[in-house]
Protein chains: 2
Amino acid sequence: MGLSKVAIGRLLHISRLLDQQEEPVISSSVLEKITGYTSDSIRKDISLLEGDFSSNAGYKKEALSLAIKEKLGLLRERICCIVGLGRLGSAFIDYKGLEGSFFKIGAGFDSNVNRLEILQADFPLYPTFKMKEVIPRLNIEYAVLCVPPGEAQKAADKLADCGIKGIVNYAPVALHLPKGVQVENLYVSDALNSLAARIEILHD
Amino acid sequence: MGLSKVAIGRLLHISRLLDQQEEPVISSSVLEKITGYTSDSIRKDISLLEGDFSSNAGYKKEALSLAIKEKLGLLRERICCIVGLGRLGSAFIDYKGLEGSFFKIGAGFDSNVNRLEILQADFPLYPTFKMKEVIPRLNIEYAVLCVPPGEAQKAADKLADCGIKGIVNYAPVALHLPKGVQVENLYVSDALNSLAARIEILHD
């Protein structure tokens, strides 16, 4: 489809910022300003999309965001699981951040059976050894990895083996996975570095 | 210093990927491949750095990563606090992901005094009403916001009022903050969308 990983990242970023705007129509100069991308780069990315999202005053916000999600194949439901139900993982039990999204939590896994007995969730909880049976049966494609750093690589290998296509990794380690399994790391250190650099450089 | 927010993001991304490489020297074509950026864009970003990081075979990995961190002002210690010590926030009590970084957790805050009595951490824990006194006293510049979504904006306003410069936001809401306070959102939905788009598009 002719989109690089970098272009995908730009389109996702544009769509996220559009969703946060309150005005229904957004001019190309405002879009340039809030994204930080050049108008050339924005025009080029947007030229790949289909749909009616232009008006005299600029881009129709909702229609453009929808065209991006359509292009990126994001308009269908996907099931994910939470792996590791300690402090971090169990925080997803009453997490509201996926409401209204196309992602649904289908299951939670933990190797500690006592923990599974204590926790109560809207989605079913299973011991880790049941992954191989549960993941294909519930059509789970994505995993949110919340295990301690020392267990992360082993758990990721197991998830890859169960057919998981993508892993959101909270453990502060670099995972090595077979081609075909994508990883997105959510390291707090990266977020802090990003803040620090912006504060250091942009305030001049 | 002539760096845009987008260029800062690219440099941080390059530095992160360099830190994960095992080879001591990395050719510009490999750097192009792992980052996804064009060689022109990489050369332009790197031309802004100072230091001796080039060799015949390519870039010296460690020296280049260091030059980036130097340029972005990341080589000094910074203190952050954890705000909200529920499931997610308390996960930072035994978090190892900041070891070896320039960030240190200086304090934790929660409005629930019972919770503060139960938790044990290597850093001091305070009731929320002490923020205004504790944050300047401990030179805390950054906050990791782990409160429930309904409390996030109020907590962020309070942090801005206490002089916090940057907030890592885990709550799935868009924060509105005064100019001068930077926010980095760690939404699991963004990470899942990014994975889904890459899997959808790149596997063709």
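Keep in mind that glycine also has a Cβ here, set from the backbone N, Cα and C atoms.
Copied from TrEMBL, the annotated features are:
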- B:74-174: domain 'CoA-binding' (DOMAIN)
- B:Gly84, B:Leu85, B:Gly86, B:Arg87, B:Leu88, B:Gly89: NAD(+) binding site (BINDING)
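It is B:Gly86, among the binding-site residues B:Gly84, B:Gly86, B:Gly89, whose Cβ has the fewest other Cβ atoms within 10 Å in the structure shown. Taken through DSSP, the domain 'CoA-binding' (B:74-174) splits into 37 helix, 27 strand, 37 coil. Other Cβ atoms within 10 Å of the Cβ of B:Leu85 (NAD(+) binding site) number 25 in total over all chains.
Note on the domain 'CoA-binding' (B:74-174): its mean pLDDT in the predicted model is 96.
Taking Cβ-Cβ distances under 8 Å and a sequence gap of 6 or more within the same chain, the neighbours of B:Leu88 (NAD(+) binding site) are B:Cys146, B:Tyr170. Using a 10 Å Cβ-Cβ cutoff, B:Arg87 (NAD(+) binding site) registers 19 neighbours.
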